[in-house]
């Protein structure tokens with residue numbers, strides 16, 4: 001193995017410190033590596049170590065049912081979907097050169113690259129794609145990435161038209177199938193896949209795996225795209241934030257995801273940099289539109305006007321966020337950005353509550369640490385804001401098991417968390433009739449019709465108009481208070497280069513093939 | 001727990017047993033008590049882990065609704081359709097035959113998942129004990145020797161400060177000084193490539209061991225020191241001094257021997273505490289031990305894992321205390337003769 005190994009990097013820190021002490025200084029301040037020159041050419045070799053947040057005995061290498069954060073990082077490097085989300089959250093070709101619908105979006109044609117080689121040396125063909133989709137979208141037991149696909153794909157009639165072309169008929173028209181096929185949970189695997197020997201097409205191939213501890217991967221030399229710069233990739237699980245950051249600062253790992261945002265400034269003094277990306281992740285308040293007092297839209301409107309959104313971003317997210325307008329999917333081309341930004345208006349909120357006969361409103365808000373960073377903090381702020389409007393909000397902090405236990409999806413007023421998704425796939429899981437996680441119990445016939453029509457509309461301009469009309473309904477009568485979207489904060493060592501902000505996933509979407517040592 | 005103290009000379013006992021028989025009887029009684037303690041613990045652990053609502057909901061959380069097949073599998077795996085007595089009998093039978101069950105989170109045998117971690121934690125605690133015991137006795141001797149003088153006062157101040165600091169603060173300070181902020185000479189965490197055990201990279205063990213030693217030693221030093229002082233003030237030491245025995249010999253030969261028993265007791269308590277209490281140190285250094293997996297398993301509601309870990313930690317408590325009691329008796333001439341006569 002040539003280039004810089006993990007041990008060398010450790011030693012680098014060690015002799016830097018030794019050098020500093022040798023000169024009679026106690027500190028190693030002068031020894032921290034400076035930020036690399038962004039124009040310096042990347043070079044080959046070395047072992048890249050990544051510190052992943054969380055993980056545990058639930059860890060798995062299953063490409064289609066990742067459970068923990070380290071699972072996602074592994075998945076992104078072992079397996080690849082047909083299409084890929086780029087830095088701007090736009091769809092790009094990947095294993096497929098093109099994925100195109102027919103005129104009424106009832107049959108989609110997938111044109112595969114002919115130069116994609118699995119880790120075991122086999123060339124990827126249409127059969128592999130068909131068997132992957134059969135596993136992901138099994139109507140009886142769809143995997144986590146296949147719940148939506150299983151409702152649309154007509155797998156019985158799907159077929160290969162030649163070795164590199166797949167024809168996918170749908171059971172109902174769906175104009176944005178490409179968005180579902182770009183998800184990392186639909187990684188293509190060979191027909192004879194066995195999770196004990198995980199084979200994919202990713203830039204790294206499997207070497208070792210210990211649930212809750214670590215995994216290692218080697219560069220896939222026959223990769224169809226730009227191959228990885230480093231020879232080996234290690235992913236370590238970290239249950240504790242300070243251990244994770246200490247490992248970064250001590251040079252034992254070169255990148256960490258989900259850096260606590262209060263550390264952004266201090267790590268930059270110690271040879272590391274923060275990587276800050278926009279995301280479409282949101283931590284909404286959820287009001288059930290079918291039970292009192294939220295049944296009355298004036299109450300929902302009032303509570304939406306009570307939230308001081310900017311303060312929530314500044315305090316609950318330490319400033320790492322941007323304003324929300326009670327709508328989701330901010331990166332969708334159809335995002336209704338022209339609707340007026342809702343701001344705190346306590347007088348209007350009070351008068352709406354008075355009209356609704358709820359001047360002395362008392363409600364219980366259920367939260368939990370399980371909704372992630374910014375959740376409990378924003379709930380506390382909301383209690384304060386509500387008090388100013390004369391609304392008594394009682395905060396209940398449920399432990400994660402209770403929160404996502406039997407009463408999940410039936411709390412009248414609670415919180416939840418969602419990651420970046422475009423509008424139609426997001427609606428399918430949270431807002432339309434029959435959606436699995438419809439926390440607000442939103443069920444508006446006009447809204448459902450608009451979505452159903454838009455799903456079939458292949459003309460993008462027409463489809464976007466339909467979706468904007470649907471968003472206007474949610475903006476006026478929905479049950480969510482969406483005060484902001486999170487920015488993703490990760491950290492990486494100045495000894496490596498190649499990390500760039502990415503909207504899809506942390507750490508440049510975990511695309512470690514793009515990273516090299518300086 | 002401190003049986004040694006309760007064993008009193010049996011004054012006018014009518015029956016006289018032979019020494020080996022008496023020892024066997026004493027050990028048997030003590031082992032019996034240990035087994036009883038463990039059995040009661042097993043009942044408590046079982047009740048505590050089964051009385052907490054529907055485990056299937058707890059385990060599956062957000063996805064309980066969408067995966068009925070998985071729910072059914074967990075019901076079967078935990079024998080949830082049996083009565084609570086059947087489940088307990090089944091579990092206890094497994095424990096006795098070394099079958100700890102199957103992890104719900106991972107679908108692998110609990111014993112397989114825990115084997116390495118039990119060893120890792122054991123090695124960590126063992127090294128900490130080996131480092132700590134001579135240091136503790138040595139420092140206590142220095143303090144007792146310099147009683148009331150500046151050295152003693154300075155050491156007492158440091159010990160009180162350390163005793164007041166939670167171990168994670170000690171650990172964070174050590175990491176900042178030796179790994180991240182001030183110097184870069186030691187690894188900050190015990191991660192290692194290829195799944196090697198942490199002690200195969202000895203440098204990475206230094207800070208976890210140092211943290212445990214600094215967190216636990218102050219208690220032991222203070223107890224040993226006060227026992228030493230007590231002995232130094234006693235009549236027989238005074239007599240020894242009058243006879244002209246040098247102070248240093250008095251301290252080593254008379255005082256130290258007498259301080260060993262209270263020392264053993266407090267070391268046992270601290271070691272037993274470490275068995276369950278290393279969790280913070282394991283978290284801070286990403287050390288692959290039982291403490292961290294107990295937290296992980298509780299979070300996953302992985303009932304078989306939680307049950308097994310609770311029983312392992314309870315067994316360590318019982319065994320450490322048993323060993324401490326035996327050692328205490330061996331080191332206490334009065335108690336030794338009481339049993340033997």
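Glycine residues also receive a Cβ, built from the backbone N, Cα and C atoms like all the rest.
Note: TrEMBL annotation is automatic and uncurated.
In TrEMBL, the transmembrane segment annotation falls on B:157-185 of the listed ranges B:70-98, B:157-185. Between the stretches B:31-52, B:229-250, TrEMBL puts its transmembrane segment entry on B:31-52. From the options B:100-122, B:123-145, the stretch TrEMBL describes as transmembrane segment is B:123-145. Sequence-remote contacts of a segment are chain residues at least 6 beyond its ends whose Cβ falls under 8 Å from one of its Cβ atoms, and for the transmembrane segment (B:256-285) they are 1-2, 4, 121, 124-125, 128-129, 132-133, 136-137, 140-141, 166-168, 171-172, 175, 188-190, 204, 207-208, 211-212, 215-216, 219-220, 223-224, 227-228, 231, 291-292, 294-295, 313, 316-317, 320-321, 323-324, 327-328, 331-332.
Counting same-chain residues at least six beyond the ends of the transmembrane segment (B:123-145), those with a Cβ under 8 angstroms from any Cβ of the stretch are 151-152, 155-156, 197-199, 205, 208-209, 212-213, 216-217, 220-222, 224-225, 228-229, 232, 247-248, 251-252, 255-256, 259, 263, 267, 271, 274-275, 278, 281-282, 287, 289. Where the transmembrane segment (B:31-52) meets the stretches B:157-185, B:205-224, B:305-331, the count of C-beta pairs under 8 angstroms peaks at B:305-331.
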